[in-house]
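Below: the structure, in structure tokens.
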């Protein structure tokens with residue numbers, strides 16, 4: 001759990017972050033979203049004290065971050081930045097081993113950990129361990145960057161625009177990878193982005209910042225349904241809101257008893273997928289299948305419509 | 001139409017090698033219009049030039065002219081780089097052998113005063129085929145280790161010829177024979193001055209460069225000052241050292257006992273050190289500045305301390321640029337040490353100035369040739385080091 005309490009940061013007369021407080025639950029993904037100059041990166045960097053807060057307190061699992069040295073704190077927190085920041089003169093294996101080496105792990109343990117992480121990101125250790133960063137594609141570099149951040153098994157991962165430099169297809173893949181790894185390891189992630197779509201897709205909770213202030217901190221559904229007046233509204237209006245809202249919930253959440261004609265939809269699919277299928281097959285309702293393939297009920301256009309917007 | 005004319009144009013020039021034309025022109029000029037060797041009745045009187053034919057026995061002259069003519073034709077024509085390399089090296093070896101035969105041919109054995117030295121024709125041909133060789137090396141794009149191996153081969157070849165006594169009749173080696181002890185002493189001094197001032201510049205300049213990289217104010221003061229120092233002519237710099245160091249020695253017995261005087265090694269070292277600072281500091285600043293921001297930030301974000309960041313990430317990545325600065329300093333210093341002889345600093349310059357004073361060209365060469373060889377060796381070694389350090393930096 002990370003707690004930010006009245007945290008501010010000033011650079012000279014400029015207030016970069018202004019009295020920000022929020023709490024990140026353990027094992028969740030929190031996305032800080034905002035335009036450049038909103039203070040989102042500064043907020044992230046204050047968590048691992050790359051930037052010291054001018055005032056306020058930050059606690060990780062109840063412990064004040066100011067009570068340990070900056071280096072010690074950072075070695076316990078994974079950190080990924082845009083453009084990956086891999087060390088160009090080191091091999092992939094040595095890059096991944098950075099923090100374990102700083103922590104003084106013995107070499108056989110480090111080697112095992114490097115192999116394990118490369119496999120986790122579906123890169124064969126024998127193919128990749130000895131390569132240099134410039135021999136990798138952009139997507140591979142990004143994965144190595146995340147693997148390096150996870151090397152010392154941190155409970156917390158900070159990511160500063162980690163997918164900013166990737167093209168759309170690789171970016172979508174990298175986002176799925178992150179979600180899978182986060183679910184598997186159960187780590188806490190705080191991610192900074194300027195992209196609202198990315199925030200809605202990845203975040204359990206979204207913190208919207210502008211001008212150094214935290215404007216709204218809520219789950220994506222609430223940000224979409226009840227955006228705070230002004231900046232957040234403007235930011236959210238740009239997104240096709242009904243579809244976004246539908247994509248956040250699974251079919252199982254609104255399945256109704258009964259049956260319908262047509263190809264069945266999996267209960268785990270999103271409501272957005274269901275809408276797409278209903279429209280494509282030109283039907284008012286479709287049957288819903290459980291994980292074992294048995295039909296568990298039906299889903300109708302009418303119930304989807306009720307979930308796709310703000311009640312009048 | 002256009003395609004045909006485009007392909008026709010290179011086809012016309014492709015039979016001739018551009019560099020080769022220059023090489024051949026210089027070689028022909030040297031072979032046919034300039035004297036190959038100079039014969040002097042003694043070391044001070046100006047001598048008489050001898051053509052290639054006149055300075056060698058007929059058979060040797062025929063072999064020499066034949067080989068060098070064929071080599072010239074190979075140079076002009078567009079030929080493979082390996083052939084050009086072999087012919088270039090072969091020509092240099094032929095020249096080395098031929099010049100060694102001249103003294104025994106033109107000087108009667110009982111005459112010990114007469115001096116034979118290579119003349120402009122020899123030097124022009126040596127230059128031409130050296131250009132051909134280096135051009136071939138460049139075309140082959142040999143790796144750094146292969147280039148060091150070639151340098152080693154050249155050094156061994158020269159050592160073998162010197163050791164065999166084949167060149168002993170030449171005037172420069174006669175000068176060496178009378179100065180042999182002094183030659184090695186001054187040689188050691190020369191290297192000591194060049195490397196000593198470089199070492200001092202690295203010890204001071206590297207930390208200063210790192211500090212300048214981190215502190216813009218310091219950088220704004222340091223670099224202009226070093227720039228001004230760099231523009232002081234070397235003769236003036238040595239002169240400027242004399243008075244303050246002389247006063248220091250007179251005032252402080254400790255300084256005097258350390259050997260610090262207005263003339264000699266101390267002012268030479270200090271002047272060379274001052275000249276060395278700018279390239280070391282400036283290249284350290286540039287090299288560190290070129291390290292990508294994201295890489296430095298990642299190192300910090302991983303929890304590296306300032307020292308770990310500097311030694312594990314920043315300096316290794318800046319190394320090629322820093323080494324380039326060191327290369328500039330070393331080659332520059334090897335040349336500048338020559339002038340330090342003027343204020344009693346020692347080094348190969350001693351022979352140069354002694355030779356100028358006596359109007360003895362051979363003695364000047366005894367100082368100049370090893371200086372050039374040293375600078376050349378330093379350049380090749382450091383270029384190879386720079387390339388090796390660059391391999392992993394992209």
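Even glycines carry a Cβ here, placed using N, Cα and C.
Bear in mind that TrEMBL entries carry predicted annotations, made automatically and left uncurated.
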B:2-20, B:21-39 - the range that TrEMBL marks as transmembrane segment:
B:21-39
Stretch contact, the transmembrane segment (B:336-356) with the transmembrane segment (B:85-107), Cβ-Cβ under 8 Å, 3+ pairs:
no
With CB pairs under 8 Å as the measure, which of the listed stretches B:85-107, B:119-138, B:145-167 comes out on top against the transmembrane segment (B:21-39)?
B:119-138
Beyond the flanks of the transmembrane segment (B:145-167) by at least 6 residues, Cβ under 8 Å:
93, 96-97, 99-100, 137, 173, 377, 380-381, 383-384
